[in-house]
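I grabbed these lines from TrEMBL:
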COMPBIAS  1-10  compositional bias 'Basic residues'
COMPBIAS  16-27  compositional bias 'Low complexity'
COMPBIAS  523-533  compositional bias 'Basic and acidic residues'
REGION    1-31  region 'Disordered'
REGION    501-533  region 'Disordered'
TRANSMEM  40-60  transmembrane segment
TRANSMEM  72-93  transmembrane segment
TRANSMEM  165-185  transmembrane segment
TRANSMEM  191-212  transmembrane segment
TRANSMEM  233-250  transmembrane segment
TRANSMEM  270-292  transmembrane segment
TRANSMEM  325-344  transmembrane segment
TRANSMEM  365-383  transmembrane segment
TRANSMEM  389-411  transmembrane segment
TRANSMEM  423-443  transmembrane segment
TRANSMEM  449-468  transmembrane segment
Amino acid sequence: MEKGARHRNNTGKNHPGGSESEASPESGSGGGGVALKKEIGLVSACGIIVGNIIGSGIFVSPKGVLENAGSVGLALIVWIVTGVITAVGALCYAELGVTIPKSGGDYSYVKDIFGGLAGFLRLWIAVLVIYPTNQAVIALTFSVLILKFWRGTGCSDFYNVASQLRFSAAVLLLTWVNCASVRWATRVQDIFTAGKLLALALIIIMGVVQICKGEYFWLEPKNAFENFQEPDIGLIALAFLQGSFAYGGWNFLNYVTEELVDPYKNLPRAIFISIPLVTFVYVFANVAYVTAMSPQELLASNAVAVTFGEKLLGVMAWIMPISVALSTFGGVNGSLFTSSRLFFAGAREGHLPSVLAMIHVKRCTPIPALLFTCISTLLMLVTSDMYTLINYVGFINYLFYGVTIAGQIVLRWKKPDIPRPIKINLLFPIIYLLFWVIFSLWSEPVVCGTGLAIMLTGVPVYFLGVYWQHKPKCFNNFIESLTLVSQKMCVVVYPEMEAGSGTEEVHEDTEEQRQPIYQPTAAKDKDSEQPQP
């Protein structure tokens with residue numbers, strides 16, 4: 001294993017992330033070493049997108065959207081427009097995904113187009129804020145909904161402790177499933193995605209029944225656009241930001257491109273199927289909510305779908321919290337699955353500790369990256385203000401979505417002749433950028449400034465950890481020993497990259513930007529001894 005770990009640093013120019021030219025003896029593959037398996041078909045790809053989008057957002061965000069929109073009619077318009085803008089962003093990512101077919105999603109695209117520092121900052125903010133927070137919000141919603149059955153205990157401290165225990169248990173269980181098998185993880189995702197679609201279908205059907213009974217007072221134009229607060233452009237912009245949280249996750253399939261079966265076909269197909277489906281479900285679920293609840297009742301609820309079920313299902317009201325809890329459980333699984341691939345891709349490019357780029361010799365799963373994702377999510381237990389988290393995650397996510405889509409325009413200018421199986425009109429990325437830059441800055445200028453400040457804390461980390469190659473020998477030896485211990489504990493090795501898998505660099509990075517966080521002295525000496533071709 002030591003030889004494999006060191007040999008990673010001797011890769012050629014077109015493989016900055018490193019792949020072993022000699023098979024590790026533990027791989028058992030007989031010649032090529034271990035590699036990520038292509039086990040994600042079209043159905044599972046759609047399950048990843050739908051399952052990640054429909055987490056807790058549609059069950060939590062309706063309150064935030066309506067509160068800031070100021071009327072039922074405007075709230076429904078926000079949901080529709082947000083869905084359209086999400087579709088525009090997804091089209092942009094579809095082009096990027098088939099042009100740069102690498103796992104890692106927007107991190108890989110930003111790094112290849114803008115260089116190592118920009119890619120590292122994307123990864124830095126993802127590690128610190130975006131994905132631990134996103135998974136924590138979904139898992140906390142799951143644990144709170146499960147505790148609906150323990151209302152009679154009369155002990156709020158018990159609720160808090162039990163909520164944290166269920167939060168931790170859900171994350172640990174799903175981490176184990178993802179470590180055990182990619183196929184298990186995708187099957188869990190498929191099953192829970194089907195379950196959450198059935199739960200939302202139940203909400204929509206009950207809404208249709210209500211409309212047939214004549215319960216559509218808040219859908220009539222004169223009532224729908226009746227403002228219950230003074231209209232404010234800043235609040236409307238914040239409503240769009242809240243709605244964006246519910247659509248968050250539409251780009252997650254791009255993180256697992258290398259595990260897709262026929263990614264050139266299945267990546268865009270999954271996007272074209274999933275985004276319109278989610279938009280349809282979201283809009284009509286919100287229509288259903290207002291057939292049974294007044295705006296005041298909806299704003300008073302912390303779990304809109306559960307309150308909706310209590311009003312219409314009677315003794316069967318327990319179905320709704322269970323359905324929503326299972327939906328969020330599937331959302332945690334999807335987020336763990338995809339975000340671990342982001343950290344895996346970052347480590348492979350040398351922007352995170354190299355052990356995170358290793359996979360299990362038999363199961364072919366990125367166990368160290370999954371464990372890292374699990375630990376960072378559990379650390380979010382100290383945060384309890386869900387709506388602050390929603391605003392914060394919404395802004396940071398869309399900041400980097402904007403940077404990535406701006407990179408699409410730059411790539412068209414710098415590399416106009418590279419193969420593009422999908423090529424969209426440049427008007428789409430321009431519309432997306434204008435829309436979200438204006439609304440993000442207008443709605444939360446302080447949060448924007450804070451987010452940018454946190455992102456910039458990664459600059460010194462990049463220069464110390466990645467750019468600076470001549471670190472003290474004792475530091476390199478310590479990191480190498482820690483890596484080897486982690487390898488033995490997790491039984492992992494560096495994966496082999498397939499030829500022609502899309503790992504060629506679009507951006508001409510410097511050697512410093514390509515190197516891993518550490519480079520063992522022995523490896524450097526071996527490199528210097530090798531004859532130049």
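Keep in mind that glycine also has a Cβ here, set from the backbone N, Cα and C atoms.
Note: TrEMBL annotation is automatic and uncurated.
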Taking contact to mean three or more C-beta pairs under 8 angstroms, with sequence separation of 6 or more, is the transmembrane segment (72-93) in contact with the transmembrane segment (270-292)?
yes
Please indicate, using numbers and ranges, the residues of the same chain that are 6 or more beyond the transmembrane segment (325-344) and have a C-beta under 8 Å from a C-beta there.
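Sequence-remote neighbours of the transmembrane segment (325-344) are 47-48, 51-52, 54-56, 59, 103-105, 107, 123, 126-127, 131, 134-135, 138-139, 141-142, 145-146, 170-171, 174-175, 177-178, 185-186, 188-189, 191-193, 195-196, 199, 249, 252-253, 255-256, 259, 352, 356-357, 359, 366, 369-370, 372-374, 377.
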Out of 165-185, 191-212, 233-250, 423-443, which stretch has the largest tally of CB pairs under 8 angstroms to the transmembrane segment (270-292)?
191-212
